[in-house]
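Peer 1: Okay, handing you the structure first.
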């Protein structure tokens, strides 16, 4: 029983009984146990084979190990000496995160990693050295280390001369951020570069240095990284190397060096700050704000003046004709991914050069503006070249935008403030759980194709819902025209129950006078036509809510869709947060699975989890 105080003199007592095993679990057990009250290792093996976990004729060893572990953890003695599972044991197995996770096991890289870098979405950080807000937080190597530990593959460093002009500091220029030394950041990158993934780490450099300091940077980089530093032998490349070819390597990306101009005006990022100060919202409870719709973002940008389409590039990005002739060749030769931005209109920058590849950077506002009218041109540019998108300058509190604004247009480097929080960042973390969490997710083939008529994938086109044919538990794909398989996928999701809050939270965390009233929100993030959120009813006064509600989500582009799950506690004034997770739809394992939940900052709860079922129909 749980006891809660009510007013001053009274108390309320609530039963804390565990929820019963869901009916679907009982039916599943009965089917695979052939109606018997116990399930042995052989029956469990057949269940695993039916869900695609094992071959039908596989050795029963794996099933026997699962049975033994379940009995051990439940402190149960095998009946008559023969290890078997009861229906409650089977429920325990299904509700075990370790034994029955919702997506492929971690570190299982299964995408083709031999295509050029431009064929992949890459886990990208923005201002990776900042510990908090964009204006006054400290700069440190700690957030860089944390980013690398979760699999981020692109680290951004802003390089500035130190106060005595004889060394290099990393800081957010023209703000009150306290600097950290470049050498400290480089050493931390080397130490932690491959703890989460063996695939290449890209360091994007914002260069505000004199030529003598650029030479010093080159010396530092060579001394710190040594043989793991990759740089090209030729001046230009017609194609980027592959992640597989760059395994275990560190590469640099920046603009070609130029003479540092003491008198130059602020960069585009700096100029974004002034006139739009009101846009910098206080998002102390950023998790409470919904991810903005990308169509709304593009429509809003399209109503603005056309200056974003014809903006002259700032002084910092002038072409090489204005570069001083005595730049250190060592520094210039270390740049693998050149971030050239031609002077002139942004639209003109999206023209591909058949003789060389490069990286282009746009703010989220610039992308939305160009995408509203030239979406297919962006997609075409990203077939060979890299496109980096960064947050607008008014996100002082390190908030983020909807990453699908970049992903649906093929942008490989959608740069995020990893030190922030909120729903947009949850999507980013969830997206890169795919492909073993290695930080590289291969783009769908239809995003990389050009048809004979010259057409490419159009993010704005009305795409038909994909369909699949389901035959005796098997999903058979039908014919595949033009860009994507026209017959494909609806995702059927059932939310059975949740558990673990009582272990991870104080009794009065959600409600002082009674147990919590939990409800779940389930939905899809993806292209606009796929994006939707649904909600279960609230289960009153229960730490172990049982919803047993089912949802069906038609999907037009399941290849990049994400399943969003949130749990909230209903409150008259303001709902409390009970956990969240985001999972790549392409990685979901069909069947009844355990779904662990995470807190607002993306840290996994120790005990909180849901029991859900996934099916593609």
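Any Cβ shown, glycine's included, is placed from N, Cα and C.
Straight out of TrEMBL:
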type	residues	note
DOMAIN	361-447	domain 'PI-PLC Y-box'
DOMAIN	470-599	domain 'C2'
Peer 1: Using DSSP, what's the helix, strand and coil tally for the domain 'PI-PLC Y-box' (361-447)?
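Peer 2: Tallied per class, the domain 'PI-PLC Y-box' (361-447) gives 37 helix, 15 strand, 35 coil.
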Peer 1: Helix, strand, coil: count each for the residues of the domain 'C2' (470-599), based on DSSP.
Peer 2: 10 helix, 63 strand, 57 coil
Peer 1: Averaged over the whole of the domain 'PI-PLC Y-box' (361-447), what is the pLDDT?
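Peer 2: Mean per-residue confidence for the domain 'PI-PLC Y-box' (361-447): 95 out of 100.
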